[in-house]
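S.K.: Supplied in structure tokens, the structure appears directly below.
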Amino acid sequence: MSTEKLQNDDKVVDEKYVDADEHSLVRSQDESFPQTEEGGEPTDHEMKTLRRVARKIPMSCWLVAIVELSERFTYYGLSTPFQNYMQGTRDSTPKGVLGLNQSGATALSYFWQFWCYVTPIFGAWIADTYLGKYFTICIFCIVMMVGIFILFITSLPSIASETTSLAGFIVAVIVIGIGTGGIKSNVSPLIADQIPKERPSIKVLKSGERVIEDPSITVSNVFMFFYLMINIGALSVIATTELEHHVDFWAAFLLPLCFFCVGILALVLGKNKYVKVPVGEKVIARSFKCAFIALSKLNFDAARPSHHPDREFPWDDAFVDEVQRALYACKVFAFYPIYWLVYGQMNNNFVSQAGQMELHGLPNDILQAINSITLIIFIPICERIVYPFIRRYTPFRAVTKIFWGFMFGAAAMVYAGVLQHFIYKAGPCYYFPMACDPQYKNVPNHIHIALQTPCYWLIGMSEIFASITGLEYAYTKAPVTMKSFIMSIFLLMNAFGSALGIALSPVSEDPKMVWTFNGLGVSCFIAGWIFWFTYKHYNYREDEWNNLEYRHEDLYHPTETRDPELEPVVSLTRSFKQYA
């Protein structure tokens, strides 16, 4: 790669990639260009002109997906009743336990989200440095199970009081957050690790059309499938909110506790079927050292051994390229806190908003299921119809998808703001729903709950473009032995979004909610456009960056093989392997 100054790196666009996009519509069968045989590596001309398709998803991906489904079933099944559990009291409507009111409950809800997305850093460090993804997931599953049990016990009516339940809730949130963080940073890289890292190849369809089987599209499809399984698991909110509404909170917490055992079972039974990438020796420390040298000199060539033969670096030039690519990805992630702040409204202020409306017998937190249903319906539509249709005419690359995710998120907030305006205009309590007079204490404003449905649909569509693509981007741009760590950096942006939510929680109260929602919508809209103009040229370097992955084809195989020099000397690891 030619010498590039760091400050100009993200502005340099290789002309051949621009050329590839400009000619993406061409489907020429010009005889003057040689045609590669089926199974062969496509020529530059074929890379520019042939349609790209995905390979089949390996069976081991299904096993990892079951693990994630059960973990997300548990996570969403627990967290959806949290807002009511924290906000209300036993005699309020909707009923609760801790009595923290909307502002306090929203702040604690954001802390819960913040904690769950900070802890992936720790889980990723353990995985990439010592245990590997599989055994890290196993250990943190046990941690998460302990936290759920604490939550269940302290919610039992025979034990529960505001003091006991609050103490138990805080301890449970901390322990569950550690567990889910350790799982979350590793399970998505693990499912993508199951895909063979093979170069693009020519395939002839039954119709006679010659296409390119593109691994990057396979990875994209796997993450869409992964996200689909997440949202099938997230349908647990229907069951847990009904249990909360008709039985009690302890029943809503018991169901996820039991279902989580399914994921642990899939994890154990699939032990010998997973592809397990070897752990790198101090790879995170080496990456930070490499990045520090490059940043201190404002030039990545300063860290390349080929440019400094008199110095001994514990890496090669290709490793520097991977670190550089990972830093590009981290720059893209910098805009995500605004998006996650918007997304977080679904878990707190949307629930509180629904509680101000006429529910007609429904729990106010059950509408979150619409978000999951949206994703379950539209992920296959995008994967099978929308994306292939767009790719027939033009590349539909990561930065473009993320931009549209921001736009859908902004639309969701604006709609919520308009809806809140009409809630305030409806009686009987207008700007202070259920709080204007003792006789209207439990009487909502006269507006139907169904009008909130588009909020969840728009958030769901934004996730397809922003959240799924972010997972894919974090995986494909990370060095091979740092997949979990870079994924945790992406997840950390959610924690920053939650921190912003904590800062804004004092204004999450009536009668300020119209301004809150609309302000978030405008912020997300502006952030999306700034993101687009800042990073749209990254689209043209996708193939170049993805090609760096293929030098590690030998690391992706169905059994775990460790280089003796890379074997971590950790007795916990060996003991766990013996009994897992």
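We count from 1, first residue shown onward.
Each residue, glycine too, has its Cβ placed from N, Cα and C.
Reproduced below are the annotations present in Swiss-Prot:
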COMPBIAS  1-30  compositional bias 'Basic and acidic residues'
REGION    1-45  region 'Disordered'
TRANSMEM  57-78  transmembrane segment
CARBOHYD  Asn101  N-linked glycosylation site
TRANSMEM  107-127  transmembrane segment
TRANSMEM  134-154  transmembrane segment
TRANSMEM  163-183  transmembrane segment
TRANSMEM  219-239  transmembrane segment
TRANSMEM  249-269  transmembrane segment
TRANSMEM  326-346  transmembrane segment
TRANSMEM  370-390  transmembrane segment
TRANSMEM  402-422  transmembrane segment
TRANSMEM  449-469  transmembrane segment
TRANSMEM  484-504  transmembrane segment
TRANSMEM  513-533  transmembrane segment
S.K.: With contact taken as 3 or more Cβ pairs under 8 angstroms (pairs 6 or more apart in sequence), are the transmembrane segment (163-183) and the transmembrane segment (219-239) in contact?
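M.R.: Answer no, regions not in contact.
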S.K.: Which residues, given as numbers and ranges, are at least 6 beyond the ends of the transmembrane segment (57-78) yet have a Cβ under 8 Å from it?
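M.R.: Contacts with the transmembrane segment (57-78): 116, 137, 141, 144, 148, 151, 176, 180, 183-184, 187-188, 190-191, 194-196, 218, 221-222, 225-226, 229-237, 239-240, 252-253, 255-257, 259-264, 266-267, 269-270, 273-275, 368, 372, 558.
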S.K.: With a Cβ cut-off under 8 Å, give me the same-chain residues at least six positions beyond the ends of the transmembrane segment (402-422) that come close to it.
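M.R.: Contacts of the transmembrane segment (402-422) (Cβ under 8 Å, skipping residues fewer than 6 from its ends): 332, 335, 338-339, 342-343, 345, 349-350, 353, 447, 451-452, 454-455, 458-459, 461-467, 469-470, 473, 513-518, 520-522, 524-525, 527-529, 531-532, 536.
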S.K.: Any residues 6+ beyond the ends of the transmembrane segment (134-154) with a Cβ under 8 Å from its own?
M.R.: 67, 71, 74, 78, 123, 126-127, 160, 164-165, 167-169, 171-183, 186-187, 190, 250, 253-254, 256-257, 260, 263-264, 267-268, 271, 274, 276, 484, 560, 573, 576-577, 580
S.K.: How about long-range neighbours of the transmembrane segment (219-239): same chain, 6 or more residues beyond its ends, C-beta under 8 Å?
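M.R.: Same-chain residues near the transmembrane segment (219-239) but 6 or more away: 54, 57, 61, 64-66, 68-74, 76-77, 80, 188, 191-192, 194-195, 255-256, 259, 365-366, 368-369, 371-373, 375-376, 379-380, 382-383, 387, 463-464, 467-469, 471-472, 475-476.
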S.K.: If I restrict to non-local contacts, at least six residues apart, and a C-beta distance under 8 angstroms, what lies near Asn101 (N-linked glycosylation site) in its own chain?
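M.R.: Once residues fewer than 6 apart are set aside, Asn101 (N-linked glycosylation site) is near Gln87.
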S.K.: What parts of the chain pack near the transmembrane segment (484-504), using Cβ distances under 8 Å and only residues at least 6 beyond its ends?
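M.R.: That would be 106-107, 110-111, 113-118, 120-121, 123-125, 127-128, 133, 136, 181, 184-186, 188-189, 284, 287, 326, 329-330, 333-334, 336-341, 343-344, 348, 470-471, 473-475, 477-478, 516.
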S.K.: Is the residue listed as 'N-linked glycosylation site' helix, strand or coil when read with DSSP?
M.R.: helix
S.K.: Residue list, the transmembrane segment (449-469) vs rest of chain: Cβ under 8 Å, 6 or more residues beyond ends.
M.R.: 220, 223-224, 227, 336, 339, 342-343, 345-346, 350, 353-354, 357-360, 362, 364, 367-368, 370-375, 378-379, 382, 398, 401-409, 411-412, 415-416, 419, 422
